[in-house]
Amino acid sequence: MPLNRTLSMSSLPGLEDWEDEFDLENTVLFEVAWEVANKVGGIYTVLQTKAKVTGDEWGDNYYLVGPYTEQGVRTQVELLEPPTPALKRTLDSMNSKGCKVYFGRWLIEGGPLVVLLDVGASAWALERWKGELWDTCNIGVPWYDREANDAVLFGFLTTWFLGEFLAQSEEKPHVVAHFHEWLAGVGLCLCRARRLPVATIFTTHATLLGRYLCAGAVDFYNNLENFNVDKEAGERQIYHRYCMERAAAHCAHVFTTVSQITAIEAQHLLKRKPDIVTPNGLNVKKFSAMHEFQNLHAQSKARIQEFVRGHFYGHLDFNLDKTLYFFIAGRYEFSNKGADVFLEALARLNYLLRVNGSEQTVVAFFIMPARTNNFNVETLKGQAVRKQLWDTANTVKEKFGRKLYESLLVGSLPDMNKMLDKEDFTMMKRAIFATQRQSFPPVCTHNMLDDSSDPILTTIRRIGLFNSSADRVKVIFHPEFLSSTSPLLPVDYEEFVRGCHLGVFPSYYEPWGYTPAECTVMGIPSVSTNLSGFGCFMEEHIADPSAYGIYILDRRFRSLDDSCSQLTSFLYSFCQQSRRQRIIQRNRTERLSDLLDWKYLGRYYMSARHMALAKAFPEYFTYEPHEADATQGYRYPRPASVPPSPSLSRHSSPHQSEDEEEPRDLPPDEDDERYDEDEEAAKDRRNIRAPEWPRRASCTSSTGSKRGSVDTAPSSSVSTPSEPLSPASSLGEERN
């Protein structure tokens with residue numbers, strides 16, 4: 001299987017140098033995950049967005065392996081004949097022995113080839129395979145856990161496929177198998193147990209036990225080393241799942257996580273230190289003109305404003321031109337996603353805006369799917385009233401315009417008293433009467449099944465944000481995924497994000513965090529935390545994140561009340577910005593999108609694959625492990641111009657250097673004079689796209705001189721190429 005090219009690791013700035021080039025000829029990559037062409041959670045986004053970059057590297061030697069689902073194949077996959085004789089013989093052999101294996105092309109950007117295994121069609125072998133799993137790995141799976149049983153079937157089918165592929169290949173290829181999450185982990189364990197010549201990688205995107213523990217309101221990060229992991233997993237009836245995850249982590253040639261914070265978590269809960277961190281990226285669409293994404297923001301904001309006009313009919317006593325739209329979105333995990341902190345901060349922000357007589361109004365959206373039975377009647381009525389008013393205004397406008405045209409046509413000025421007749425005034429009075437409302441605008445757009453016990457609604461009742469006229473902060477809970485076909489808010493998620501001013505994601509447990517990353521690539525400022533993978537990554541790479549519209553909330557070193565106060569300060573300072581300052585900040589935020597592009601972050605996966613090849617096939621690939629020296633990293637400096645608002649240019653971490661000088665505040669007029677958008681854009685893009693990555697003198701070098709803004713902190717024991725140590729990466733030491 002010729003690939004006809006080689007790839008030099010030394011060509012990638014910031015990664016450790018390699019003495020020899022890796023020849024990828026006769027090397028095949030299989031990426032195995034339950035979410036291949038099967039949307040369940042965030043791993044689907046990782047695979048979908050990464051496919052093009054990986055395909056560009058591996059060509060036709062890259063395959064994704066996932067479960068067969070009728071819905072997924074019907075809408076996302078084009079079934080094809082296998083392109084190589086070895087692959088065709090493999091599928092024919094498995095299908096002839098009672099399996100159902102499909103081959104096709106995933107209809108996403110990059111069009112990767114996929115192998116889909118029908119788990120249900122192989123259920124006849126479940127009990128036998130569960131017995132073999134017990135004999136091989138001492139992992140027992142209860143009959144009632146359907147998800148775990150599916151993982152067993154999927155794992156055995158994956159191992160069968162890989163073994164059959166190797167047997168059917170005339171020229172034995174070097175196979176790399178990359179497994180994502182515990183649902184695919186059984187296959188990795190079996191590959192090692194059967195001694196298949198396969199280089200294995202296991203990536204955990206979030207530990208099972210970590211998610212369960214954080215949902216239970218424990219002081220998770222301060223007690224990582226104190227948890228009895230077997231006892232905790234057993235009490236939550238996930239011990240068998242935990243064993244699958246832990247076994248996969250220990251069996252893999254290379255173990256990776258998506259962030260430094262998750263690496264520390266995995267080290268304590270899974271008892272293995274990750275070999276490398278592989279951050280998640282996105283496919284970034286660059287605009288030909290700087291103002292293009294600003295125009296998209298204005299267009300999307302207009303769509304949101306139409307919804308707000310209808311939702312707040314009868315109480316629309318605030319200026320929409322002085323209204324800011326904040327939002328939080330994601331899985332409905334009230335504490336893990338930080339919805340509790342956001343609501344408390346909104347209550348404090350409402351108080352500050354009221355006592356200071358601010359003209360700004362904030363509308364905060366909560367986009368979190370929950371159990372509902374229908375739309376709220378008042379919400380539907382609001383949109384109907386808005387449409388009726390629009391139709392009435394258009395009717396009167398047409399009649400007025402026609403009479404004006406006829407009057408001007410004959411060369412005379414119109415008599416304004418005759419432009420509208422009695423019928424027109426009656427129509428307008430009826431429209432005004434329709435806007436009368438006795439109750440406050442609803443907080444929730446749907447009827448909740450558990451209204452009395454819903455965490456968001458219960459908290460709103462406690463803090464008293466009922467969308468009254470006196471409130472400067474309005475709250476809208478939309479417990480459903482956004483859709484352009486919705487009768488309430490007819491926009492998709494991407495358009496909604498573009499129309500908002502600030503995304504707020506004060507998560508307590510967030511191994512990576514795609515929502516703030518999506519905000520960044522769309523030029524929308526966001527709030528993240530130093531307990532999220534995204535927040536830690538940005539703190540490591542940006543000297544002053546808030547100046548670029550990335551506000552890092554400290555939830556690691558502060559109490560819950562202090563974190564709420566810090567978030568309130570962020571939100572209030574954001575409300576004080578002028579429109580021009582927000583435009584400048586959005587420009588800066590959008591410039592960071594290069595940092596989150598798979599073209600940049602894909603190098604971490606590349607490094608993990610090369611490490612696995614070197615460990616599995618040492619006679620063909622060489623790898624010299626060494627600690628990254630102090631110069632292996634770079635922090636983007638503050639923007640060239642003054643910060644976007646007088647109070648925001650500061651580090652959010654309490655551990656920043658005290659000798660760093662804060663920029664001098666300037667009056668608005670001086671700010672405008674100093675700011676040159678084109679000049680600053682050029683400087684920022686030079687910082688982001690072409691940082692001066694230092695090169696090590698040799699593979700064993702462990703020291704380096706300071707250059708520019710290179711972070712010279714001691715490096716982490718987890719190998720993370722091109723990344724300096726962050727506060728989050730030293731949690732183990734901080735706990736002591």
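Placement of Cβ uses the backbone N, Cα and C atoms for every residue, glycine included.
For Ser8, Ser11, Ser412, Ser641, Ser645, Ser652, Ser653, Ser657, Ser709, Ser726, Ser730 (among others), the entry in Swiss-Prot reads phosphoserine, with the evidence type similarity to another entry. What Swiss-Prot records for Lys39, Arg331, Thr515 is UDP binding site, and it gives similarity to another entry as the kind of evidence. Per Swiss-Prot, the feature UDP-alpha-D-glucose binding site maps to His205, Arg211, Arg331, Glu510, Trp512, Gly513. Swiss-Prot lists His291, Glu292, Gln294, His297, Lys301, His501, Arg582, Arg586 with the feature alpha-D-glucose 6-phosphate binding site. What Swiss-Prot records for 631-736 is region 'Disordered'. The compositional bias 'Acidic residues' annotation in Swiss-Prot covers 658-681. Per Swiss-Prot, the feature compositional bias 'Basic and acidic residues' maps to 682-695. Swiss-Prot lists 714-727 with the feature compositional bias 'Low complexity'. Look at Swiss-Prot and you will find Thr720 (among others) tagged as phosphothreonine, backed by similarity to another entry.
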> Which residues in the same chain, at least 6 apart in sequence, have a Cβ under 8 Å from the Cβ of His205 (UDP-alpha-D-glucose binding site)?
Replying inline: Gly42, Ile43, Val46, His180, Glu181, Thr257, Val258, Thr262, Asn280, Pro511, Trp512
>> What's the number of neighbouring CB atoms sitting within 10 A of the CB on Gly513 (UDP-alpha-D-glucose binding site)?
In response: 26
>> Quick check for the class: what is the C-alpha distance, in angstrom and rounded, between Arg586 (alpha-D-glucose 6-phosphate binding site) and Thr515 (UDP binding site)?
In response: 16
> Given Arg331 (UDP binding site) and Glu510 (UDP-alpha-D-glucose binding site), what distance in Å do their CA atoms have, once rounded to a whole number?
Replying inline: 11
> Same-chain residues six or more away whose CB lies under 8 A from the CB of His501 (alpha-D-glucose 6-phosphate binding site)?
Replying inline: Leu324, Tyr325, Phe326, Ile524, Pro525, Phe574, Arg582
>> Assuming the binding residues for alpha-D-glucose 6-phosphate are exactly those in the record, His291, Glu292, Gln294, His297, Lys301, His501, Arg582, Arg586, what is the maximum CA-CA distance in angstrom, rounded?
In response: 16
> Same-chain residues six or more away whose CB lies under 8 A from the CB of Arg211 (UDP-alpha-D-glucose binding site)?
Replying inline: Asn336, Tyr509
> Minimum Cβ neighbour count within 10 Å among the recorded positions Gln294, Ser412: which residue?
Replying inline: Ser412
>> I'm trying to understand the geometry here, so how far is the Cα atom of Lys39 (UDP binding site) from the Cα atom of Glu292 (alpha-D-glucose 6-phosphate binding site), in Å to the nearest whole number?
In response: 31
>> For the UDP-alpha-D-glucose binding site, please report the maximum Cα-Cα distance among His205, Arg211, Arg331, Glu510, Trp512, Gly513 in Å.
In response: 15
>> So, three-state DSSP: helix, strand or coil for His291 (alpha-D-glucose 6-phosphate binding site)?
In response: coil
